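Asker: A single structure is presented below for examination.
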Amino acid sequence: MTATEILFWFLSALALFSALMVLVSKNPVHSVLWLIVVFFSISGHYILLNAQFLAIVNLIVYAGAIMVLFLFVIMLMNLNNSTEPQKNSLVKLAGVVAGCLLLTVFVSAVRSAQEIKDSQALMNTGDIGLIENLGKVLFRDYVIPFELSSILFLSAMVGAVVIGKKE
Amino acid sequence: MNAIIFSAGWGIIMMFCSFLVKNQSSYRHIAAVGLLVLLAANIFDTYGVDFFHIDSGKMLAYTRFGFVFNSIAIASTLIYVLLTGRDIERLGRYTAEFFTLVFFVLCGVCLLSAYNNLLMLFLGIEILTIPLYILTGSDKRNLKSNEAALKYFLMGSFSTGLMLMGIALMYGGTGTFLLESSRLQSNLYHGISFLEIVGLLFLLASMCFKVSAAPFHFWTPDVYDGAPSVVTSFMATIVKVAGFIAFLKLCTVRMSVTSTAIDWKLIFSIIIILTLLFGNITAIFQQSVKRMLAYSSISQAGFMLFALFSMNEYASKGLLMYSVAYCLATIGLFAVLVKMKDVTFEGYNGLAKTQPVLAATNAIFLFSLAGIPLTAGFLAKYYMLASIIKTGTYTWVVVAGVLFAAISVYYYFRVIQAMYFKNGEPQMESFGRSFKLGLVVLAAIIIIVGAFPQALFNWLYF
């Protein structure tokens, strides 16, 4: 077992474990902290795939900005056990059944997908995730979606002003 | 490309207007001029005059069908702005921003009618829906509007997440974002990947959410009811139909090639029956006309789903006809509804005596939605049913469709009954003669298209 493989298995186990902890934790602040661990381990996977830029962006945007927003929202709402909505057991059961069905579909999808078994991700050699290649793809092949997404952000900004401004 | 760039550009012009032009009432005139320019640009594009030579690298594929649909969407928006412009002004201080967002939505519509890449589908859907979240909550002091906006936003972003997941899986299955490509064909030749199917199922769920088809329709009544009526009018018509156009393309390209692996027809027939059932049965029990129209939009979505079921030439023609009939009639109904002080059925009592023109045009819009012959709505339903009969299977869907169309007549005619056969003094906002004239023109268009459908279809060929 090479070092890369050991790292891969370690990061995968960490990601799965902390993702479970996000759901299981009673305290919402703990959930958010576990979520940060998930993002860090996923960023680790990106680095293993030689996509450093993606790893850093993932950390800055998700573990940094979005998690801070999450924490703010949780603090502002002042959540505790008494405010937690009580769901009846029938809804919970339905949720479990639906979730298990979705899991079954996914597992069978991955099992029957031949192309995944044959091919392996490029580890440490591929340079597709480097910022130079990313920039080339973004501004050559995907320049039209890139430009059009500016309309999306512009409308979001207009919305923020319209909703947020005092009348 | 003309329409995409002009709509985005005019949206920005409207933004600048909000601080350069002080006169509130001139915004809607600027918006109307913008829509005319947009319509002209799109018609130029239809006949091959492209002002911008941009190589989209197979991201966008223009078809005559898409151009004609763009024209219909832009023209409907123009009618919408002309009819309800004054009511938009009463919504708050952000009239110019409202029009900005309407133009951005149109940009999304133009993307959706031309996309050839799943990335563009995603962008189009997002450009379409994000302005709508804002418009839904634009009546800031109304708690119902706030609730509707939050609900719509949370559920909408969840369905967008599903869509992204589906697109990612489809990429995993075929190795390309392109809707049609040689690589896809060769991959399919080797056997359809299971990932593709799962991805398509995710996409199906998310698109069904966007067009409010059952069982993903639960947001629709609350959001349509909570949003300001002028906004509901826009999002129940143009936006919804644009969603169907995108859905139809996805179905005809991707779902038809995977039909050997999964029975899409069965899935769609279940969705159709559920949508018609939920929409029609709950619409019967509504007391408010606005909420009734929300449920009726679900049931009309059920009829538009027929096109996705059959995916033949009748279906695309029918969807075009449906978009004209449904958009125009609903815009007209909402234009009158916005003027009413009381939007329950009782509020319409005796409208025929006090406002005969409004009542008559309203009745024509309702006839069209119910599918009474000589209106565009009849032909739209006819084409939809005919498209399924052409496929030769699943005749029971047609039978169910006819039955549910008959049920829908009941709740549409309740409004007519209130207007003509009950006594009352309806309370209305003031309106001018031009408003009445606009309604009459709209009703005339519906009847003309219903009597001479070739006027619309010729556009597809000449």
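Every residue, even glycine, has its Cβ placed from backbone N, Cα and C.
Small disclaimer: the values here were computed from a predicted structure and weren't measured.
Quick paste of what TrEMBL says about this protein:
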TRANSMEM  B:6-23  transmembrane segment
TRANSMEM  B:61-83  transmembrane segment
TRANSMEM  B:95-114  transmembrane segment
DOMAIN    B:116-404  domain 'NADH:quinone oxidoreductase/Mrp antiporter transmembrane'
TRANSMEM  B:120-137  transmembrane segment
TRANSMEM  B:149-171  transmembrane segment
TRANSMEM  B:191-211  transmembrane segment
TRANSMEM  B:266-285  transmembrane segment
TRANSMEM  B:292-312  transmembrane segment
TRANSMEM  B:318-338  transmembrane segment
TRANSMEM  B:359-382  transmembrane segment
TRANSMEM  B:394-413  transmembrane segment
TRANSMEM  B:434-457  transmembrane segment
Asker: Could you tell me whether the transmembrane segment (B:266-285) and the transmembrane segment (B:394-413) have 3+ CB pairs under 8 A, leaving out pairs under 6 positions apart?
Answerer: yes
Asker: Which bits of the chain, at least 6 residues beyond where the transmembrane segment (B:318-338) starts or stops, bring a Cβ under 8 A of a Cβ in it?
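Answerer: Tertiary neighbours of the transmembrane segment (B:318-338) are 65, 68-69, 72-73, 76, 79-80, 83-84, 87, 229-230, 232-233, 236-238, 241, 244-245, 248, 289-290, 293, 297, 300, 303-304, 306-307, 358, 361-362, 365-366, 368-369, 375-377, 379-384, 386-387, 429, 435, 438-439, 442-443, 445-446, 449-450, 453, 456-457, 460.
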Asker: Taking pairs 6 or more apart in sequence, does the count of Cβ pairs under 8 Å between the transmembrane segment (B:61-83) and the transmembrane segment (B:434-457) hit 3 or more?
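Answerer: Answer yes, regions in contact.
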Asker: Report, as numbers and ranges, every residue of the chain located at least six residues beyond the transmembrane segment (B:191-211) whose Cβ falls under 8 Å of a Cβ in that stretch; write 'none' if there are none.
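Answerer: Beyond its ends, the transmembrane segment (B:191-211) has Cβ neighbours at 125, 128-129, 155-156, 159-160, 162-163, 165-174, 219, 240, 243-244, 246-247, 250, 254-255, 257-258, 260-262, 267, 271, 301, 304-305.
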Asker: Under an 8 Å Cβ to Cβ limit, what residues of the same chain, 6 or more beyond the ends of the transmembrane segment (B:292-312), are close to it?
Answerer: 211-214, 217, 220-221, 224-225, 232, 236, 240-241, 244, 247-248, 251-252, 255-256, 265, 268-269, 271-272, 275-276, 278-280, 282-283, 286, 318-319, 322, 326, 330, 333-334, 337, 345, 369, 380-381, 384-385, 387-388, 390-391, 394, 397, 401, 404-405, 408, 411-412, 415
Asker: Determine which residues of the chain contact the transmembrane segment (B:120-137) at the Cβ level, with the cut-off under 8 Å and only residues 6 or more beyond its ends counted.
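Answerer: Long-range Cβ neighbours of the transmembrane segment (B:120-137): 59-60, 98, 101-102, 104-105, 107-109, 111-112, 114, 145-146, 148-150, 152-153, 156, 160, 163-164, 167, 179, 210, 223, 226-227, 231, 234-235, 239, 242-243, 246, 250.
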Asker: The transmembrane segment (B:434-457): which same-chain residues, six or more beyond its ends, come within Cβ distance under 8 Å?
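Answerer: 79, 82-83, 317, 320-321, 324-325, 328-329, 331-332, 335-336, 339, 357-358, 360-361, 364-365, 368, 373-379.
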